[in-house]
Each structure stands twice: as structure tokens, then as C-alpha cells.
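K.L.:
Just dropping this structure here.
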Amino acid sequence: MKAFPVICLGFAIFSSSICVNINILQQIGYIKQQVWQLSYYSQSSSSYVVVKLLPNIQPTDNSCEFKSVTQYNKTLSNLLLPIAENINNIASPSPGSRRHKRFAGIAIGIAALGVATAAQVTAAVSLVQAQTNARAIAAMKNSIQATNRAVFEVKEGTQQLAIAVQAIQDHINTIMNTQLNNMSCQILDNQLATSLGLYLTELTTVFQPQLINPALSPISIQALRSLLGSMTPAVVQATLSTSISAAEILSAGLMEGQIVSVLLDEMQMIVKINIPTIVTQSNALVIDFHSISSFINNQESIIQLPDRILEIGNEQWRYPAKNCKLTRHHIFCQYNEAERLSLETKLCLAGNISACVFSPIAGSYMRRFVALDGTIVANCRSLTCLCKSPSYPIYQPDHHAVTTIDLTSCQTLSLDGLDFSIVSLSNITYAENLTISLSQTINTQPIDISTELSKVNASLQNAVKYIKESNHQLQSVSVSSKIGAIIVAALVLSILSIIISLLFCCWAYIATKEIRRINFKTNHINTISSSVDDLIRY
């Protein structure tokens, strides 16, 4: 068993340059899935491909007359005539008409274009520009018409490379011409009719958009493949200086073609192919990861790391690749889409679990397992893992975030009723107990809208209920408060009345006593006065 603990080649302790530790990341539910070689491309040049759709037939000793060729020629003429007329209408506006417009000094028939987008007008401009290469096209036409070779290169004064392809001629050269003198004319005619009929059917199928308007419809991958036939690898290698296979270049759609001319007399089609310039960055890898849920601190969580990263040497970036074209082994981009990663994210990628961030699962539909090179990595605490061969349940300990199931532990695995056959051994040579603090789990996942809305609605209903109860209580408290206020006021008034009465009584008592005292003094004075008067009289 092999172990792949890291992807990059070095480790910088005192810098932010850190390697990706595949082993540790897999143990917390972050699994490497696909690695692409990063290449950049741009549409920088073009080439013309002359396709001869009617093969040359060598003369035979018995001078066979092939009716199939005549019929094929007639059918093909009917097929190509609309394309030729359409191209002529776009490239050559009517002599007496002013209904045309100039783009970069080129006259284009607007009536032939109809309603067109900017990209379609650009394609029409390209088509008209191709007409200026009439001398080169004529040279290619004359060169290919007399030859039986499947690929022929013609260079004119402009030094533009043109590759003449004869897909049917390649079939005629290898099969038909070697048997011309050994078979009867009828047999040869039947075989030739079969080959031509199949090829015509294929052309009719893949060129259907071009029959409508070739200037506004680029040639599809299937059409290019049909035009080039078995010579596709040779054409790609002759026009592109790259070691990338022709299949990947065509599948990525990097080669775009457009019909620029149809020569009905010679049954030839001239296609302009935009040739990209491809540059491969040898030390740049784009890596795809799949995140599955893991069992962290007694709850289902998922790690917060980018799904795709770019690694150049021992540096990592987030790499969305939104405008890139992916094939089996390569990713083609027109520019670098790299985004910086924080130091904590890089440390987490390096296997420093204490720097990783997890978020609890908010919804029920979560990826809980993934296939990895013939093995299964699953969160067996959140789904049922049952081995059927041999038959036993698979238990995931608390200190394991996920479980890796390979051929040594199970041959037929059932995950919540889904059966899988395990065919490989795991390349992980060790597993360690993971310790993750509670502070590393934060809510960063998008919420489950339906669940949260139901909670909000329930909270609102409860709030309305509580508000009604509160209003009722407030009303009760208000009435009670009024009654209490009246009682208090009555008591206060009564007390004040009693106090006032007491004060009045005290004042009356004091006043009465004072009046009596005054009266007593007055009577005493009167008595004295009377006594004095009596003394005076005596």
C-alpha cells in the first residue's frame, strides 16, 4: 500500500508556503477527487482546411461507370447549394442596393444576416475577410483536385498553413482502389454507394445548423470530426505545437470552425479554423475536493474549505474556474482565476486540524459518503453502514470523524440501502485520534429555508398570542388600578377629613378655653372694679 501524505514537494515552516496533507484531510471528510494540469489558451491564429467531398476514382480495366457517384454528386450539390448561396449573399451585397454596412472597411449584406447578435456579426466579418484570400483558396483548390493523398499542405505567399483533407478519399485509397480490378462493376458500385450514403447521412446530420445560415452558426465538434474524418490527429498535430491529444483539444471546443466558401464545381468546402495558442504551466495543478459530513464533537458537521484549489509548487489558491474548459486530464483557461487563501485555511490544508473551521449541518440532504479509488469514505454516525460480505454492522467510534472502508474490511457495502462493491485497498497507512475544540464549530452554512421559515412563523404566532395575553393583562391591570385609585383617594380624603375634624376640634377647644379664660379675667376685673367703687363710696 502506498501513502500520499502531501501533494506538493516541500514544506516551509517559517512562511505561508504549506503543502496539502491529503491523509489528514481525508480523515475529516475532505477528499481529493480529480487533478488537472493547468493550461492557458488564446485564439491567436487561423488556418484554412479544404475538404473534398467527392473522391477521385482510379480508372479500371473494365471502365466501370459508377452511378452511385453521379447520384451522390447530385445529392451533395442540393445539400451545398443553400450554403453557397447564403455565403454569396453575405459576402457580396446586391450591386444596386445600398442596404449594407461596413465593418472595418468590409461590406456585409445586412439583408442576408437578418437579426444578428454582435458575435454573429463578428462571424460574418470573419467570413467576408476570408474572401480576400481567394488566391490562396484557388491554389488549394487546384492542388487538391488532382491528388489522391488524404493530407496535402499548401503554402502561399502569406505563409498561412492550409491542410487539405479528403476523408472519403482516405477510405477509397485504403479499401476501394486496391480492389477495383478484382471485383465486378456492380459490386464496386454498391460498396461505393454504401460508403457515400453513410457519409452523406453524417454530413446532413451534423451540418444542419449550417444549412440555415453558415455565417451565424459555428461548426460543431461533430462537424469538424466528420469533415476531417480519420485525419483529425494529423490535422491537429500539424496546426498545433502541443503534446496534448487531439481528442482533448476537440472535446474542449478549443478549435472553432466556420464555412467560408463552397465550390460546387469541384465539390469542395473551405473551412476557416481558429487555431488556439496553448501554453501549459508544468508545475500548476488544479485539484478538486469533495466534502462530506463528519462526526465532530457529538454532532454532524462539515469542514469549511474550497471545493477547488490551485497548487503551484507549495502555494495554494482558491480556483473557481468558472470560465474554464475541462477535459479528462487538462483544464484550459484564458486567464488565471486564482483567489488568495487565509493563513488559517492554508494551515488547515496542511493538516493542522486546530486551524480548521467546521459548521453544523443545517439541512437533511447532505453528502455523507463518497467513492474514492474503489473504496468508500462515509460518515457512519449519520447513516447506516452495513457490510453484507461478510455480514456485520460497521461502527464508527466517537473519536473518528469519518470511516474509510476498503477491501480488507468489507467486500459488499450497504449505505442506507444502497449497495456498493469494494474493489480496492485504502492507501491510508495510519489513522489518528482527532481532537477538535468547540470553538472551531461555527454557523457558516446556508440555512434550511423551509425549516427556518416554519420556525419564524411559529415564533410570530407565539408572539401574537403573547401580545394578546399581555393586552388582556394590561386591561385587567388598568381596571384594577382605577378601582384601587378610587379607594386610595377615598381613604386619603377620609383621613384628611378626620385630621381636619380633629384639628378643628382642637382649635374649637382651645378657642373655647381661651374665651373662658378671657371671660374669667373680665369677671374678675369687674369684681375688683365693683369693690373699688364700693370702697370709694364709703
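Cβ atoms are placed via backbone N, Cα and C, with glycine included.
Not my notes, these are from Swiss-Prot:
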type     : residues      : note
DISULFID : Cys324-Cys333 : disulfide bond
DISULFID : Cys348-Cys356 : disulfide bond
DISULFID : Cys380-Cys385 : disulfide bond
DISULFID : Cys387-Cys410 : disulfide bond
CARBOHYD : Asn56         : N-linked glycosylation site
CARBOHYD : Asn73         : N-linked glycosylation site
CARBOHYD : Asn182        : N-linked glycosylation site
CARBOHYD : Asn352        : N-linked glycosylation site
CARBOHYD : Asn427        : N-linked glycosylation site
CARBOHYD : Asn433        : N-linked glycosylation site
CARBOHYD : Asn457        : N-linked glycosylation site
REGION   : 103-127       : region 'Fusion peptide'
SIGNAL   : 1-19          : signal peptide
TRANSMEM : 483-503       : transmembrane segment
K.L.:
Return the member of Asn73, Cys333, Cys380, Cys385, Cys410 nearest to Cys356 (disulfide bond) in space, with distance defined Cα to Cα and candidates limited to these recorded positions.
P.N.:
Cys380
K.L.:
Return the count of C-beta atoms lying within 10 angstroms of the C-beta of Cys356 (disulfide bond), excluding that atom itself.
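P.N.:
There are 23 such Cβ atoms around Cys356 (disulfide bond).
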K.L.:
By CA distance, which of the recorded positions (Asn73, Cys333, Cys380, Cys385, Cys410) lies nearest to Asn352 (N-linked glycosylation site)?
P.N.:
Cys380
K.L.:
What number of additional C-beta atoms lies within 10 angstroms of the C-beta atom of Cys385 (disulfide bond)?
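P.N.:
If we count other Cβ atoms within 10 Å of Cys385 (disulfide bond), we arrive at 23.
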K.L.:
Sort out for me which one of Cys324, Cys333, Cys348, Cys387, Cys410 has the most neighbouring CB atoms within 10 A, since those are the disulfide-bonded residues we care about.
P.N.:
Cys348
K.L.:
Please name which of the disulfide-bonded residues listed here, Cys348, Cys380, Cys410, is nearest in space to Cys333 (disulfide bond), Cα against Cα.
P.N.:
Cys348
K.L.:
Please work out the number of neighbouring Cβ atoms within 10 Å of the Cβ of Asn73 (N-linked glycosylation site), leaving out its own Cβ.
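P.N.:
I get 14 for this one.
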K.L.:
What residues, ordered by sequence, lie under 8 A Cβ-to-Cβ from Cys380 (disulfide bond) and sit at least six positions away in the same chain?
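P.N.:
Those within reach of Cys380 (disulfide bond), by Cβ under 8 Å and sequence separation of 6 or more, are Ile394, Tyr395, Gln396, Val402, Thr403.
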K.L.:
Rounded to the nearest Å, what's the C-alpha distance separating Asn73 (N-linked glycosylation site) and Cys348 (disulfide bond)? Just drop the number here, would you?
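P.N.:
Between the Cα atoms of Asn73 (N-linked glycosylation site) and Cys348 (disulfide bond), the distance comes to 67 Å.
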